[in-house]
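For reference, the structure is listed below as structure tokens.
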């Protein structure tokens, strides 16, 4: 998530009504607005306190011993500062007698400080609720529609007292009869103790913490009060509250300390029923939470009815990425789950939500639980919803304490009960179903077993793996890692462990639709077989060797019980050629006198190049030239120990403008094909001041510092001798008379041979092309290089916006201007190849990497007037495939590479055979760098899904993407903004959003702003209502039909539908009349179909899988994709 909108909240830190049961008295606590908490610029924090984190760098620590103490730095600024508490080795809490913001400003520039921030306050997320009583009133436990189905969960147990859930809250009533048996050791849990308070007695002076603890683990079946979600687990109540005026809130400093305490005391779950929408991003809290990746944080979403995708709520929004105004990036914490609230019929009206930031909902209205003084009461709020999830997580940990937080979150969200109204509100689309979650884990795939199950074995002993779960697959490792489909080896038959000594084999069983088994470990001591010899490698495996270095095989030893030492009889096959980079395999075999062969042992040897090239400046490192003179860069020489002369690959950045006096810097960079970058070389060029009286000369020129070859040297201006005749075609420097061509044909190939740098160009006179318009409108000039081509239509001038203005501004007419089309082979460009591997790790190039450029040049001078980046219509380009197009892998794609951002974008493409040569035909509105690659993609949650092939194809083409961890989430709902972005990406028009905000509810800092703006500009958003688009609203099937139909008509304006195509759907009457024609068009074209034999379900939400499939179908229908 980008920089969020921070909403200012009232200074009241919490408000709730408690209905007290047992004495028959109802007491209400009204909202107290007299708090003394500091509030400034929308932030709420402890007045007079500042958190400071010091840099953890040796140089800074050394410097500190010589610098003025921090207190003196503040005193010099007229601010009194004293240390209150040391939170850890780097972080301290200070008291200041100045304003908090003033103190931070005074300290922030100190070189010892990493950051200074307020000690933020967090409110307790609870709101007013009606009165209810006891178990019969614990509706959230059993309600059929919105309850958590706890009785089903309890069928697998109440939870283990070995599992500890920590509550960072206001403490607890330690004597409450429903809680006293559930408490962990209270030592040190009263972090906010005051005078007379015990550090070991977290007395709850508010009631909030007691209520939360009861929801999690109040004792069950004791004939009193209420039952918790996990009544068998232990509660660690940590009081982190601070009194602010005459109310209580929680502070950053105490919360941090509470997290440390909870971790030290073995908590698995940490409940955080608090939050603030008034504070900026709390760096100190984020950093502390990020230290503990094995703790599950459960956070309340907030009670302001806000969309957390658009506002900052802390700590709930640590679930999404965040970038602050200074560009600091804070990735989402993978081990936090954020919880919204539901009542008995819908999302609570006051509950915060967010389809990207909030995971699921849980009962939070009218929740009856424990309160101090041995009583019970009802509260409402996401503070009450979060502990429901904490309790369910504790039940899961009770079944398997080795679960990771990510696995727990996956179980809880994947098993959430789907609710139509939540599809556009929370990430999972549903509310907590503890029964389904616990049952899913309890009925997981059976653990893998091994025969033999460990102990002493021989190298020839077969180890077999099995599981009692039918249809499950087993993955195993022998390197200590927990096995999964990515890290493990698929078990396909008996295993022989050939490495002698201790070997730990780990195995885990997987089955689609079920939770995988726990990883089981089998420890073996592997020895020589009594009948077979054994081989043991010496030295490392794998081994790495520097290119052109000397490889010496460390060898191996062999032993046989009958023949003894057989080391000299080992036969080694395979060679390692250090002059060629790559991975080599050596095999070691030996046979004893009885002709018994040892199991083959292999060693992997990687020949790699790690030495960077060296840049040598030619000429002086500092040069002085006269004002107005011509500057020619002397260049550099680049040499690499493995690749040799790389001078032609040098890239120069910087410019020298000889018409402007000053100092200029040219920077030289080079990287070898192995990715090793040379140390930067620089040259300073000083242009002297101009003479006082000007001679009226040429005024000099400017040389661009970007280029390659001979250090990128360039002249300031092209000579007129290089100019091409306006009436001739320039084929890479060779003139061609257009009169020699048959201009009546529909296509004219112009073949060019690239130069040594892989550059090929053709200049076509504008008047030549313009003269064919109206005479032969279908004429295409195909600029053909060995690695690709560019198909230039005769009507090109009409596809370039503002062409006349460009020509006029340079006093050039169409009679003396030309289009210069340049194709450059960048296949060996290491930057692009490295970026490709990073983006698509398993990809493989299927042709060259080609840069397509088009410039307008003055035919008289050869000067480039302008570079054209985009067109009014798609222009075809081709890339020659390395193999026949019929042999292409199923998952391949064409991609546009952006050097500025280092990203790859989807480009529509299809494969053809032309003259026996396979080609990828790319249809694009823009010039750029393009490539074609095989890109195999698979998702763990798509194995048996109906849309597997289409979804994975769409992902391979970069049209859609997974959600991480090998998952696609095919059934997750799609919002209007998400589908708008997908559709814009599919059309690949390269448009610019520009202009004013597209809709009133599309904020400028939203990730989808540009995509929605372009979609509106293209006329794709008839679903918008006036000035509002409702971007986070779930997209319905009829709305998807409307957007797809608009896209089809944009590309093919004559597309129409037959009304009869909808007659077969009995529910079509539920469709909005405005969308009937669009639905009909989609059905007739086969882009959309019904959800069943006679149902279309126009009002149903759209899933991610459906979106991917229809985009593929649309592109095929339009002929833009295979």
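Including glycine, each Cβ sits where the backbone N, Cα and C put it.
Just so you know, TrEMBL annotations never went through curation; they're auto-generated.
Source: prediction; values computed, not measured.
These features come from TrEMBL:
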type     : residues  : note
ACT_SITE : 169       : active site, charge relay system
ACT_SITE : 208       : active site, charge relay system
ACT_SITE : 383       : active site, charge relay system
REGION   : 689-716   : region 'Disordered'
COMPBIAS : 696-712   : compositional bias 'Gly residues'
DOMAIN   : 934-997   : domain 'SLH'
DOMAIN   : 998-1058  : domain 'SLH'
DOMAIN   : 1062-1122 : domain 'SLH'
The domain 'SLH' (998-1058) [mean pLDDT, rounded to integer]: 86
Distance check, please: Cα of residue 383 (active site, charge relay system) against Cα of residue 208 (active site, charge relay system), rounded to an integer number of angstrom. 9
For the domain 'SLH' (934-997), what are the DSSP-based totals of helix, strand and coil residues? 24 helix, 5 strand, 35 coil
For the C-alpha pair, I'd like the distance in angstrom between residue 169 (active site, charge relay system) and residue 208 (active site, charge relay system), rounded off. 7
Around the C-beta of residue 208 (active site, charge relay system), how many further C-beta atoms are within 10 angstroms, looking at every protein chain? 29
Min neighbour Cβ count (10 Å) across active-site residues 169, 383 flags 169
